[in-house]
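Chemist: Let me give you the structure first, and then I'll get to my questions.
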Amino acid sequence: TLASASSSSDSDTGGASPPPRKKHRASAAEGAGEPGASAVVTGLSSMQANGAGQGQESSELSCLNSAQNGESSSAGGTHSNGLLSSTDNGNSVGTSNGSSTGPGSGTSATASSSEVGSLKKKKRLSQAEEDVIRLIGQHLHGLGLNQTVDLLMQESGCRLEHPSATKFRNHVMEGEWDKAENDLNELRALMHSPNAIVFCFFQISPLSSPQRMKFLLLQQKYLEYLEDGKVLEALQVLRGELTPLKYNTDRIHVLSGYLMCSHAEDLRAKAEWEGKGTASRCRLLDKLQTYLPPSVMLPPRRLQTLLRQAVELQRDRCLYHNTKLDSSLDSVSLLLDHVCSRKQFPCYTQQILTEHCNEVWFCKFSNDGTKLATGSKDTTVIIWQVDPESHQLKLLRTLEGHAYGVSYLAWSPDDTYLIACGPDDCSELWLWNVQTGELRTKMSQSHEDSLTSVAWNPDGKRFVTGGQRGQFYQCDLDGNLLDSWEGVRVQCLWCLGDGRAVLASDTHQRIRGYNFEDLTDRNIVQEDHPIMSFTVSKNGRLALLNVATQGVHLWDLQDRVLVRKYQGVTQGFYTIHSCFGGHNEDFIASGSEDHKVYIWHRRGELPIAELTGHTRTVNCVSWNPAIPGLMASASDDGTVRVWGPAPFLDTQENCSNMDS
């Protein structure tokens with residue numbers, strides 16, 4: 001009864017909270033043996049546990065949560081998570097001011113208890129979460145949503161950038177160069193902080209960064225003085241501030257030359273500079289930010305950079321992506337993963353060319369992609385015109401008279417001429433003017449020669465040719481012999497872009513480089529089996545080899561290493577010609593003795609497509625260099641098949657649902 005009365009009295013009158021715990025223990029000792037006093041003590045202890053103690057815990061959690069995110073805590077203030085402290089009609093509940101929550105306030109006690117549980121669930125933001133918030137804040141700031149950024153930073157307890165960096169940014173944008181230089185001294189300490197180590201691992205050493213930044217600042221200051229016509233002030237900056245830095249003296253010499261500019265337009269043109277104002281200062285700030293660790297100031301447009309990298313990575317991983325990479329994020333949806341359908345890939349027969357009346361040994365698109373040349377055992381070369389809209393091929397002209405058949409073709413760099421070679425027992429070479437259909441040169445050095453391969457010099461005025469009987473010639477357009485290399489049994493030839501080196505595969509299962517200017521040669525590729533043919537990528541870095549009984553091998557010519565062996569193709573001792581193709585030459589295609597055309601992504605060993613339709617060995621595959629979705633294959637079945645995307649393209653179908 002006494003306990004109930006005491007509790008009711010305190011609750012009704014809103015009296016002071018129970019005395020401290022030490023006094024409780026003293027009272028309990030004094031009232032030992034008295035049931036009434038014991039009940040009072042029990043009641044008061046219960047009230048304190050449910051009231052003041054709970055409030056103290058809530059307040060401590062609030063302070064801790066705010067302190068962890070860099071904010072000071074205060075009763076009723078904003079937490080670092082954006083929530084206000086719990087209030088009841090404007091009065092704080094369960095705070096550490098000593099007021100108790102009695103039995104009559106059960107609802108408040110329950111709310112306070114649930115709030116403590118909620119606060120306990122709140123955790124400090126991880127580093128990754130803080131980084132994401134900063135990235136979002138930077139992006140919103142770039143859109144001009146500054147109030148939204150302020151609210152985001154306030155609620156999250158994060159900081160978009162260091163205050164010193166903010167001050168530095170403002171001074172740069174306002175053109176207060178002296179103040180900006182002073183700011184560099186504050187930033188110097190931040191650049192040497194442990195947080196800068198990760199940044200400097202892949203960027204520039206922090207020891208030289210302040211000097212570089214100061215140089216960029218003074219350069220902008222100098223140019224703005226010149227544009228304003230303040231030549232004396234600009235000269236003082238050049239002599240008294242830039243030169244003493246002893247940094248990038250070549251650039252200082254260039255800057256000094258701008259003193260001779262007669263007017264501002266001349267200055268901006270020679271310096272390739274936007275002129276004084278927001279544009280040039282923003283560009284300057286972008287450069288300066290690259291020298292600061294991201295913990296101080298985020299790199300420019302960091303979120304867009306990450307999104308662009310994510311899109312590019314998805315495209316790289318897409319097996320069938322065969323279109324030009326657009327770096328703009330506006331060209332893609334960020335809400336869906338990038339997916340290309342197999343139906344967009346040249347896996348479907350668009351046309352079958354049947355004008356040849358015997359085995360078709362070779363096919364090759366012109367360098368501009370407007371024509372296709374096919375050579376056959378029937379002694380003819382047919383030139384086909386590619387329709388730029390429908391991508392259908394029409395017969396343009398037939399070149400006749402190759403008595404031994406045509407096993408190899410090579411377009412001149414400007415596509416004006418076409419050279420045709422025959423099989424092993426052919427000693428002749430034909431050079432045709434494709435535009436007129438006239439035979440310009442028919443070359444034969446000796447009836448004992450075997451001219452089976454040819455390659456154009458990049459200048460379009462010379463070519464090299466050879467065969468397995470030991471002939472290796474360099475000739476002009478009239479067939480005149482310019483140079484020769486004796487004793488080289490050539491299987492296949494290729495001229496590199498520098499115009500000096502010629503690659504030749506020979507009967508010793510290797511590819512060697514030959515220089516006709518200084519008559520030197522060197523070994524580049526060594527295989528264990530005969531190299532039947534090879535081709536080189538546009539940049540001259542990679543070589544694609546068809547190796548007898550082994551299949552298709554990819555070599556790095558610069559590092560001289562075997563990069564990859566592609567699986568699936570059947571390769572015996574027939575000469576089969578493979579090719580690079582698709583946009584950026586990301587794909588590889590080859591014929592096969594099992595009557596199929598195989599396509600691989602350059603980075604994968606397993607084929608992504610096996611094309612059927614031919615009924616005999618597929619001797620050659622050529623990918624159109626201008627139309628990534630167009631490919632041709634020549635076969636012993638006497639046909640040339642033209643491959644393209646599916647006739648009725650369903651752009652909504654995913655790669656994962658396609659056959660390979």
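Glycine residues also receive a Cβ, built from the backbone N, Cα and C atoms like all the rest.
Copied straight from TrEMBL:
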{"type": "REGION", "residues": "1-123", "note": "region 'Disordered'"}
{"type": "COMPBIAS", "residues": "1-16", "note": "compositional bias 'Low complexity'"}
{"type": "COMPBIAS", "residues": "28-39", "note": "compositional bias 'Low complexity'"}
{"type": "COMPBIAS", "residues": "43-84", "note": "compositional bias 'Polar residues'"}
{"type": "COMPBIAS", "residues": "85-117", "note": "compositional bias 'Low complexity'"}
{"type": "DOMAIN", "residues": "161-233", "note": "domain 'CTLH'"}
{"type": "REPEAT", "residues": "353-387", "note": "repeat 'WD'"}
{"type": "REPEAT", "residues": "399-430", "note": "repeat 'WD'"}
{"type": "REPEAT", "residues": "611-643", "note": "repeat 'WD'"}
Chemist: If we call contact 3 or more Cβ pairs under 8 Å (sequence gap 6 or more), are the repeat 'WD' (399-430) and the repeat 'WD' (611-643) touching?
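Modeler: Not in contact, no.
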Chemist: State the non-local partners of the repeat 'WD' (611-643) in its own chain: residues 6+ outside its ends, Cβ under 8 Å from one of its Cβ atoms.
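Modeler: The answer is 322-323, 344-354, 356-365, 367-370, 372, 374, 376, 386, 391, 393, 574-583, 587, 589-593, 595-599.
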Chemist: Would you list the DSSP helix, strand and coil counts for the residues of the repeat 'WD' (353-387)?
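Modeler: The repeat 'WD' (353-387) comes out at 0 helix, 19 strand, 16 coil.
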Chemist: Sort the residues of the repeat 'WD' (399-430) into helix, strand and coil with DSSP and give the three counts.
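Modeler: The composition, in the requested order, is 0 helix, 12 strand, 20 coil.
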